[in-house]
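*Asks:* What TrEMBL records for B:56 is active site, proton donor. Residues or ranges marked as Zn(2+) binding site by TrEMBL: B:54, B:84, B:87. Summarising the annotation, TrEMBL assigns domain 'CMP/dCMP-type deaminase' to B:3-128.
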C-alpha cells in the first residue's frame with residue numbers, strides 16, 4: 001500500500017518555488033524510486049516556449065533518463081497541483097504506480113476534478129492516487145503567483161493612463 | 001472552416017513509416033501552419049526510452065520551436081492514429097485549432113473512442129476534429145507492424161525449443 005511521504009511533497013514544493021521565482025505558474029513535481037528522487041521538474045512553459053513543458057513531464061522525462069527506461073515501474077510521482085489531461089496521460093503512459101498531489105485544479109484537473117482518468121479500468125494501466133498532502137502550501141504559492149500577476153497588470157495599466 | 005488536406009496526412013504517414021523502419025509502433029504526425037509543415041514527429045518511445053515521446057508530442061515541440069511560442073495559434077495537427085489522453089491534452093495545452101486523424105484507437109483513443117476531450121466545453125480550449133483521412137493506410141501500417149512483431153516472437157519461441 002502506497003504511503004505518501006511528506007518529504008517528497010516538500011521537494012516538489014521546492015520545484016514550484018523555482019518556477020515562481022522565474023515568473024512561471026508555480027507547479028513542481030518529483031519522481032521517487034526506491035526512496036530516491038530520480039526526477040525533478042517545474043513548469044517551464046514560458047521559458048522553453050513549449051506547451052508540453054509542465055512540471056510532471058519534466059520530472060517524468062528526467063526519471064526515464066535515470067532508469068534508462070520508459071517504464072517507470074515502482075515509481076511514485078509527487079506534484080503540488082492536480083495533473084491536467086496531458087500529464088495524467090503521461091503518468092499512465094509511463095506506468096507510474098502511485099501519484100500524490102497537493103491541491104485540486106477545478107478548471108483542468110484530470111485526476112479528481114474534471115476527469116478521473118487514473119482510475120479508468122478501460123485503460124491498460126491504473127494508478128493509486130492520494131490527494132491533499134501539504135495542500136495549503138501547494139495552493140498558497142499558486143494564489144500568491146496569480147495575486148502578484150494581477151497586481152503587475154494593474155500597475156502597467158495604471159502607468160499607461 | 002477546417003478543410004483537411006490529404007497531402008499533410010501523407011506526410012504524417014511518411015513519419016509513421018520512419019517509426020516502422022526502426023521497430024517503433026508506427027504512428028506519425030505533422031503540424032501545419034499557413035500551409036507549411038512546421039513540425040514533424042514519429043513515435044520514439046523505445047529509442048529515447050521516454051514514455052512521453054509520442055509522434056504528436058515530437059511534432060508539437062518542433063512546431064513550438066519553429067514559432068518560438070507555446071501557443072500554436074492557426075495550427076492544424078495531422079496524425080495517423082487517434083491521439084491518446086496525453087497527446088490530446090498536449091493538443092489542448094498548445095491551443096491547436098484543428099486535428100485530423102486517420103484511424104481510431106479503440107483501446108486508448110481520447111478524441112472519439114474512450115473520451116472526447118477535444119470537444120469538452122469545460123476546458124479552456126476546444127479543437128475541431130476530422131477523422132478518417134487515409135484511414136486504411138494509417139491502420140494497415142499498424143496491422144503490418146503488430147503482425148511482424150507476433151511473427152518475430154513466434155520465431156524466437158520456436159528457436160528456443
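Placement of Cβ uses the backbone N, Cα and C atoms for every residue, glycine included.
Where the annotation comes from TrEMBL, it is an automatic prediction and has not been curated.
I would like each feature placed in context: is it buried or exposed, what are its neighbours, and how far apart are things?
*Replies:* Look at residue B:56 (active site, proton donor): DSSP puts it in a helix.
Non-local contacts of residue B:54 (Zn(2+) binding site) by the CB criterion (under 8 A, 6+ apart in sequence, same chain) comprise B:27, B:41, B:43, B:45, B:84, B:86, B:87.
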*Asks:* What three-state class does DSSP give residue B:87 (Zn(2+) binding site)?
*Replies:* helix
*Asks:* Are any of the recorded positions B:56, B:84, B:87 near chain A, where near means a Cβ under 8 Å from a Cβ there, and if so which?
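*Replies:* Sorted by position along the sequence, the hits are B:84, B:87.
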*Asks:* I'd like the per-state residue tally for the domain 'CMP/dCMP-type deaminase' (B:3-128) from DSSP, helix first, then strand, then coil.
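*Replies:* The counts are 45 helix, 27 strand, 54 coil.
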